[in-house]
Structure formats: structure tokens, C-alpha cells
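As given in Swiss-Prot:
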BINDING   H122, H126, H132  Zn(2+) binding site
Amino acid sequence: MSLLIDFIDETEEVKEEYMSLIREVLEKAAQMESIEDGAEVSVTFVDNERIREINRDYRDKDQPTDVISFAMEEMGEGEMEIVGAEMPRMLGDLIISIPRAKEQAEEYGHSFDRELGFLALHGFLHLLGYDHMTEEDEKEMFGRQKEILEAFGLGR
């Protein structure tokens with residue numbers, strides 16, 4: 001299983017070991033979700049101010065959040081599907097707030113590693129079409145998150 005992950009660290013605080021952890025968690029998720037080899041995702045680490053700007057500009061919520069996902073496969077109104085015979089599948093972009101991840105790890109009483117793995121996985125599942133807008137969808141998404149985290153060894 002080979003997922004291509006492009007990391008961008010705007011905070012200059014993210015250690016290589018954290019990127020390796022995220023790579024391993026997302027590889028496990030891709031395997032469990034039967035995502036084809038060569039699919040691509042980008043992961044950008046930002047501070048609270050930057051994620052607040054993105055949240056405001058794209059989601060009309062003027063506050064910082066922990067993770068934002070931009071799925072490349074979601075069709076917008078009036079967009080045409082572009083089919084590339086030999087192009088790898090681009091799943092989308094994940095944007096993770098490092099300060100928020102640290103705050104939440106402390107708040108929930110678990111490690112920063114676990115929180116970072118959780119946030120990356122949560123965003124990744126959104127890229128795959130999972131959501132939690134309804135109670136039924138939430139149950140499905142959170143159940144799948146739990147399965148993958150436990151299979152990886154990051155369960156609670």
C-alpha cells in the first residue's frame with residue numbers, strides 16, 4: 001500500500017517523527033478503506049491564526065478549529081469531471097492546527113501523538129466522503145475512526 005503524502009509545515013515545529021506517525025496512520029486507513037496505490041493527499045501544519053483565516057474564508061466560521069479538509073473529489077456546482085487515464089487519484093488537502101492539537105491533547109488527557117493521529121485520520125475520512133452532519137453519519141464515521149485508531153494502536 002502506497003499513499004503519496006506531501007507535508008508542508010508552516011509552523012516549523014513539527015518533528016519528523018510526527019510526520020512519520022501521520023504517514024503510518026493514513027497508510028493504515030488507506031489500506032482499511034481499500035484506497036488504490038498512488039493516491040495523493042497533502043497535509044499542512046499551521047498555527048491558530050492561519051486556520052482561523054481558512055475557516056473564516058471557506059466555511060464562514062471566524063474561529064480557529066483543529067482540522068479542515070478540502071476534498072478534491074467533491075464536485076462543485078457547474079464543475080465538470082476531468083478524467084485522467086494515467087493520473088494518480090488526488091484525495092485532497094488536510095490542514096491541521098498544531099497549537100489546537102496541543103490544547104486538545106491536554107484537554108482530553110492523552111498524548112500529542114494520539115491527538116495528531118486522530119486529527120489526521122478524522123480529516124482523511126472526510127476526504128473519503130465520511131461526515132458527521134447527521135446522527136447516523138456521525139455514528140458511522142466515529143465508529144470507523146475508532147476501528148482504525150485501535151487497529152493502529154492509538155485507541156483510547
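Cβ coordinates are placed from backbone N, Cα and C, and glycine is handled just like the others.
Positions of Swiss-Prot features highlighted on the structure.
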residue: H122; record: Zn(2+) binding site; CB count, 10 Å: 20
residue: H126; record: Zn(2+) binding site; CB count, 10 Å: 21
residue: H132; record: Zn(2+) binding site; CB count, 10 Å: 16
Residues other than H122, H126, H132 within 8 Å, Cβ to Cβ centroid, of the Zn(2+) site? S69, G123, L125, Y130, D131, M141, Q145
H132 (Zn(2+) binding site): secondary structure state under DSSP, collapsed to three categories: coil
